[in-house]
Amino acid sequence: MFLSTHFTKTLSSSSSSSSSSSSFSSSFTSKKDKLSKTLSLQNLLKSGFSPTLKSFNQFLTFLFKNHKFNSALHFFSQMNSNHIRGNSETRSIIVGIFIKTNRFQEAEQFMTQMLKDGEFFQKGIWDSLIQGICSAGKSPEKAFSVLQDCLKFRGFLPSCYTFGLLIHSFSSLGNMSRAIEVLELMTGENFKYPFDNFVCSSVISGFCKIGKPELALGFYDNVEKSRVLFSPNVVTYTAIVSALCKEGRVKEVCDLVYKMENEGVVLDAVFYSSWICGYFQRNILEEAFRKHRDMLGKGIKPDTVSYTILIDGFSKEGNVEKAVGFLNEMKKDGIRPNLVTYTAIMRGFCKRRKIEEAFGMFKRVKELGIKVDEITYSTLIDGFCRIGDFDRVFLLLGEMEKKGVSIGIITYNTVINGLCKYGRTTEADEISSSIFGDNFTFSTLLHGYAQENNVVGILETKKRVEEAGIPMDVVMCNVLIKASFMVGEIEDASMIFKGMSEMGIAADSCTYCTMIDGYCRTGRIDEALEIFDSFRESFSFVNVGSYSYIIHALCENGMVDMAIDVFIEIIEKALVPERAAYMVLLRSIFNERTEEGILEFVLGFEQLEQHIFHFIGTEAICFLCKKGCLKSAFDLYMVMRKKGLGVTRKCYYLILEGLVINGNKYILPIMLNAYIKEYGLSESRMGKILLTYLCDKDVNKAIHLLDKMKEEHLCYEIPIAAVEALTRQGRSLDAQKLILKGRGTSTSSDVVAYSMVVDGLCKEGHLHKALDLCVTMRNKGIAPNIVTYNSVINGLCQQGFLVEALRLFDSLDKISLAPSHITYGTLISALSKEGYLQDAKLLFEKMVLKGFTPHTHMYNSMIHGYCKLGLLDEALELLLSLEKRCYQTDAFTVSAIIDGVCRKGDMEGALTFYFDYKRKGILPDFFGFVYLIKGLCVKGRMEEARSILTEMLQIQSIVELINKAGKEIATESLASILLSLCEHGNIEQATSVLDEIVSGALSFRKRYSEVINLNNPNDGEVTRHSDAPNMSSGLEDSDYSSGKPILRDFDVYYSLIASLCSERKLDQASQLAKDILLNV
């Protein structure tokens, strides 16, 4: 009824029948209930109404234009039922309706039937059908099939646009073989259609889509050479930019832009976006940002895509702050970010492990009413997986299910990968059992189990892969091969490798490397070499990594010659060896052939290209320096310099460091000069070496260099080595000058340097300067540590300020600084020597209560103090305590007790003690022997004295000491003189010689430093058989912690003077006293 009503209205405008026209016109404007009474088409025909075919076509056209497609088809059906045969226009309208409603199969069938009936359609109808199938139907294959049928059977000549649309559709799908087939048909002899920008840009973009940008650029070059396309537009140029960027030829875009500007092509936001994207692909962020600014400068307004590319690029590089800045700029410009934009920001936060910020952005997106998709959820899930927060991962998965967001394999794989990375592969396996996994799923599981060395997990996953029938790819095969090697199934790995060709899978370089590595690790070198040979035959280019595996394996199995041959092959193929493999080879050569073998090996490459020899030579120099082979390293350096090759800063540094350590003062300035000429003073570590060198020569020059470095804003930290060298040489005042020029930074190195200088000043007697330097430290924000305080306390004790030293010790609690062994040892020693043995004992007990274990030297200090005061019982009680604590008594302990017993005149007791400890393997030192010999002489027991003297002269260290003293006062060996006197029974003369050695021959400080082998003669506390404190180690290895005995100058001589007086040798006693006074 509806059709009849509208049909009568259409007819009213063309029919001459006024009564009918009036009737149908009034019925058209009547209400719905009246329309039902309107006559049908059949009734109209029966009533004698005879409209023309033109009227029918006009009515169908009316319905078509008003999108009444179903009504039009129904009306056409009524026409057929009433045997009203339409013409070509009628059928074209019906075909148009089929195409508009995407009923392409019906359209094709209708048109084919009409052709069979001998009727033909307008040319544009077939074009419309093919274009509709291609675009709306998204089936370019079907469209191309229709096109081919038309060309074969229907004599149809398609338009250029139809060809172009087919090419575009195939290119968009990545089906470039079909796109090229259509292109060849379009440009062939039958049609010879010209290229246009639509076709050209489609083909270029298609090749880029399938990862073949080189083919895209090759296609464009051919088009340009054929001069088919004379004026590319911005769309084509944008596609070319994309191809250039994917090829890594982003620099060539500038030339292209110059060409476009000359041709008058206006750049747009899409063009710049592609260009910026290219810079991001090459990690050239600064240039990407610059191009964005250029775009704004040219008045081109960025769109959502432009900003999103910038945001995504900076986010991927981890510069999420910059990305957020562009997001704010985007909003300021009135451009609304979309879900892709926000997801890119979230990805950036996740990459920086700022998951809470990412989650905050996620909540903000939901607040904005933007519907979140799987990709956004997957991005956030990946972020939580990165930090191992799987509770929130599973909460998000639950939220996705609740909101009906589809959870795809990508999301599941993200979770599985995250669990595997955190060693939770079993849980990942459980998740995988509930989904249909793909190659990535099982590859990840196998890799996870391999990382965990879970043999059972690997075997079960392999079984699942086989049962699931997962189509294998090269990645899956590689993981399976690696897993098989992991579980010891070497034959399975071999079978997978051999079966890849049968599955149509080409092994890649990773496959070969995995096989080579697996065979090498299992010691099957022959198979590894066989695979390696196959690799070289299969690939024109073999990556250097596979060579490295072989070199590692050969070296581990002692096949150095073969490893060298493989290395030579790398060089011959103009490849740059991996540093790790080269280091392994150098170590193997060195272990087998020493440094000479290294030199011979390296010099064998002398005639190669300079850049190769430079790499080989510089790495070898560094290796030799680290092995302490400085001469060979320097020889190799000279070879490189003769060839005109420079060496790296690292080489210079290692050579110079070695020269400094070895004290080579001849080559050091030459090398420093060479380095400064080549590189200047750009590195602080080289500046430190130069400062150390200048400090040794003239500290003022070093200070001048520091001033210059400050002017150049270079790092000018004072080198610890320079400070240490100055203090060791007794030049603490110079060290103080140097350190005051440095900048205070409160770093550990600054504290150590200042502590060294404070210690040196105290030992050299400059106590006030040491205290001033402590004040300077605090002013510079450098807090003195316990090492510094120990030096000051020791200095105060040496200067006789014992009360001040104790006050400083008591102040340590107020500044929350705990005393060390050295602190207690210094004060106990000082108190003992000053005779405050009760205070020393109290401090000793306090130290034990604090949890410190007393050392032998502390016992020695107190034992010596008791002996000096004649309190032998207390000294012996301490000795017993010392031995009960399982501490080893030493030469000084024995000497101190012997001295105490001799003071009592109990020579029998002294001899008994001596022989007891001799049986224990502990003999007294030189002074202990002197005490015993002189005591026996005083008692007239000359034979026993001679026996003891003879025994003393059998001890090599004492003989060397006596002979050193003899160099100052005699022309022959004093030990020989003493032995001769002893043999002839001239004990009194022998004791006189001993007196000469002890008294006037040498200054005491020098003599005593030689006796106890000290480096610093001005230390107020002397430790026998011990080196001076090593300040660079934080003073923790100083005299006190070495566990050696300590003596004062006066204490050494007191017993000797007393002995001489008791023998009535007053002249000798007076002379000895004068010597002491002269050397104070």
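Every residue, even glycine, has its Cβ placed from backbone N, Cα and C.
According to TrEMBL:
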REGION    1-29  region 'Disordered'
REGION    1018-1040  region 'Disordered'
REPEAT    196-230  repeat 'PPR'
REPEAT    268-302  repeat 'PPR'
REPEAT    303-337  repeat 'PPR'
REPEAT    338-372  repeat 'PPR'
REPEAT    373-407  repeat 'PPR'
REPEAT    408-442  repeat 'PPR'
REPEAT    473-507  repeat 'PPR'
REPEAT    508-538  repeat 'PPR'
REPEAT    543-577  repeat 'PPR'
REPEAT    820-854  repeat 'PPR'
REPEAT    855-889  repeat 'PPR'
REPEAT    890-924  repeat 'PPR'
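Away from its own ends, the repeat 'PPR' (508-538) comes close to residues 474, 477-478, 481-482, 484-485, 490, 493-494, 497, 500, 545-546, 549-550, 552-554, 556-557, 559 of its chain (Cβ-Cβ under 8 Å, at least six residues beyond either end).
Across the range of the repeat 'PPR' (473-507), the DSSP-based residue counts are 23 helix, 0 strand, 12 coil. When the repeat 'PPR' (268-302) is classified with DSSP, helix, strand and coil residues number 26 helix, 0 strand, 9 coil. Under 8 Å from some Cβ of the repeat 'PPR' (543-577) lie the Cβ atoms of residues 509, 512-513, 516-517, 519-521, 523, 525, 528-529, 532, 535, 584-585, 587-589, 592, 601, 605, 608, 612, 615, all in the same chain and six or more residues away from its ends. Here the repeat 'PPR' (373-407) has long-range neighbours at 339, 342-343, 346-347, 349-350, 353, 355, 358-359, 362, 365, 414-415, 417-419, 421-422, 424, meaning same-chain residues at least 6 beyond its ends whose C-beta is under 8 angstroms from one of its own.
Secondary structure counts, DSSP: the repeat 'PPR' (855-889) has 26 helix, 0 strand, 9 coil.
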